[in-house]
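Peer 1: Could you have a look at this structure, given as structure tokens, before my questions?
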Amino acid sequence: RLKTTVVLVPLLLLGWTGTLQGLPVLPEPLYPTQENFDLTRFVGTWHDVALTSSCPHMQRNRADAAIGKLVLEKDTGNKLKVTRTRLRHGTCVEMSGEYELTSTPGRIFYHIDRWDADVDAYVVHTNYDEYAIIIMSKQKTSGENSTSLKLYSRTMSVRDTVLDDFKTLVRHQGMSDDTIIIKQNKGDCIPGEQVEEAPSQPEPKRLRRQVLPTLALSDEEGSGDMSALFNDSEACKAAPETGPCFGFIQGFFYNSTSMRCELFTYGGCLGNQNNFVTVRECLQRCRTEAVCRLPMAPEPCTGQPTIWAFDFVTGSCMPYKDGICQANANQFYSRAECQEYCGVIKDDGELLTAS
């Protein structure tokens with residue numbers, strides 16, 4: 001059984017000498033971490049399905065890379081117990097050690113003896129049950145620095161849309177798509193096991209293989225559009241999330257308190273599902289029958305399609321004139337849509353104008 005150990009050293013490098021309530025005191029964070037990061041949901045088994053790095057060594061060793069397994073367990077104090085299993089030169093190798101938690105949720109520190117390097121790692125985005133993206137800033141005592149991004153999955157694959165968002169984040173970090181290493185699914189290896197390489201076959205043979213069960217999505221959900229997984233009961237109540245990318249894209253989110261679709265700035269990748277291109281898409285995804293009890297509140301607007309609003313007093317769906325919009329989510333884009341949500345139209349009302 002081949003086994004190596006990653007040993008943490010005191011935080012004497014880079015001026016990281018202090019502690020705060022047992023946590024390492026590090027420089028100001030380089031990246032924002034996942035909002036409301038929940039460590040108890042994050043621990044468990046992950047697979048590194050894709051990565052990129054500015055480190056030349058990483059790029060030189062990209063051929064035929066196999067997906068590895070990372071198991072995280074909460075240890076005593078402010079530490080994470082880490083067990084990593086991966087294929088290395090035809091042999092399954094297991095490495096174990098500890099990561100230091102920091103005072104910033106989602107930020108982790110560890111030291112690599114082999115490279116004499118400190119690693120400052122940030123969980124920039126995760127939905128816990130499916131994928132996680134981590135950015136790592138590595139600094140050696142020699143002064144050499146590098147940045148790596150890793151895409152982890154609870155299974156051996158990720159949806160195409162998640163991989164696309166990972167690629168977008170890589171570009172925002174100044175690296176190109178051709179630096180991304182998409183790892184191969186060769187199954188979970190067993191420490192000490194010798195792997196018989198079979199280049200002519202899609203996957204190598206093994207004397208025995210232990211495959212972990214899927215923990216989250218079924219196989220048919222391994223790819224496809226995010227809309228197929230849209231959960232309005234959760235998504236429409238979520239706060240708007242910019243995501244880890246640095247773009248400035250105008251989007252709309254549903255404010256479940258005011259029952260309005262409101263503007264926010266989207267970074268361009270990841271974030272959550274409360275993110276829509278148009279007000280119409282936002283309303284049609286998120287509004288409920290409760291909007292039928294909202295008052296009619298016409299207001300002037302430009303460049304918007306003709307809408308209908310439900311008059312709760314008369315029980316009618318009322319058309320608005322061109323150039324008039326509704327100030328809340330009691331707005332529909334056809335009489336049929338209004339009737340479907342709010343009931344039978346008793347009588348057509350007069351065209352309304354803003355007061």
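Any Cβ shown, glycine's included, is placed from N, Cα and C.
A quick note: this is a predicted structure, and the numbers were derived from the prediction, not measured.
Just lifted these from Swiss-Prot, have a look:
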| type | residues | note |
| --- | --- | --- |
| BINDING | Cys55, Lys138, Lys150 | 3-hydroxy-L-kynurenine binding site |
| CARBOHYD | Asn145 | N-linked glycosylation site |
| CARBOHYD | Asn231 | N-linked glycosylation site |
| DOMAIN | 236-286 | domain 'BPTI/Kunitz inhibitor 1' |
| CARBOHYD | Asn255 | N-linked glycosylation site |
| DOMAIN | 292-342 | domain 'BPTI/Kunitz inhibitor 2' |
Peer 1: What is the number of residues in the domain 'BPTI/Kunitz inhibitor 2' (292-342) that are helix, strand and coil, as DSSP sees it?
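Peer 2: Secondary-structure composition of the domain 'BPTI/Kunitz inhibitor 2' (292-342): 10 helix, 16 strand, 25 coil.
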Peer 1: Near Lys150 (3-hydroxy-L-kynurenine binding site), how many other Cβ atoms are within 10 Å of its Cβ?
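Peer 2: Within a 10 Å radius of the Cβ of Lys150 (3-hydroxy-L-kynurenine binding site) lie 20 other Cβ atoms.
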Peer 1: How many other Cβ atoms sit within 10 Å of the Cβ of Lys138 (3-hydroxy-L-kynurenine binding site)?
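Peer 2: Result for Lys138 (3-hydroxy-L-kynurenine binding site): 19 neighbouring Cβ atoms inside 10 Å.
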Peer 1: What mean pLDDT does the predicted model reach across the domain 'BPTI/Kunitz inhibitor 2' (292-342)?
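Peer 2: Over the domain 'BPTI/Kunitz inhibitor 2' (292-342), the predicted model scores a mean pLDDT of 88.
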Peer 1: Using the structure shown, find which entry in Asn145, Asn255 (the glycosylation sites) has the sparsest Cβ neighbourhood within 10 Å.
Peer 2: Asn145
Peer 1: Could you give me three numbers for the domain 'BPTI/Kunitz inhibitor 1' (236-286), the DSSP helix, strand and coil residue counts?
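Peer 2: Residue counts for the domain 'BPTI/Kunitz inhibitor 1' (236-286) by secondary structure: 8 helix, 15 strand, 28 coil.
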Peer 1: Cα distance, Asn255 (N-linked glycosylation site) to Cys55 (3-hydroxy-L-kynurenine binding site), nearest Å?
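Peer 2: With distance taken Cα to Cα, Asn255 (N-linked glycosylation site) is 43 Å from Cys55 (3-hydroxy-L-kynurenine binding site).
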Peer 1: Count the other Cβ atoms sitting within 10 Å of the Cβ of Cys55 (3-hydroxy-L-kynurenine binding site), across every protein chain shown.
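Peer 2: The answer is 17 other Cβ atoms.
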Peer 1: Write down the Cα-Cα distance for Lys138 (3-hydroxy-L-kynurenine binding site) and Asn145 (N-linked glycosylation site), rounded and given in Å.
Peer 2: 6
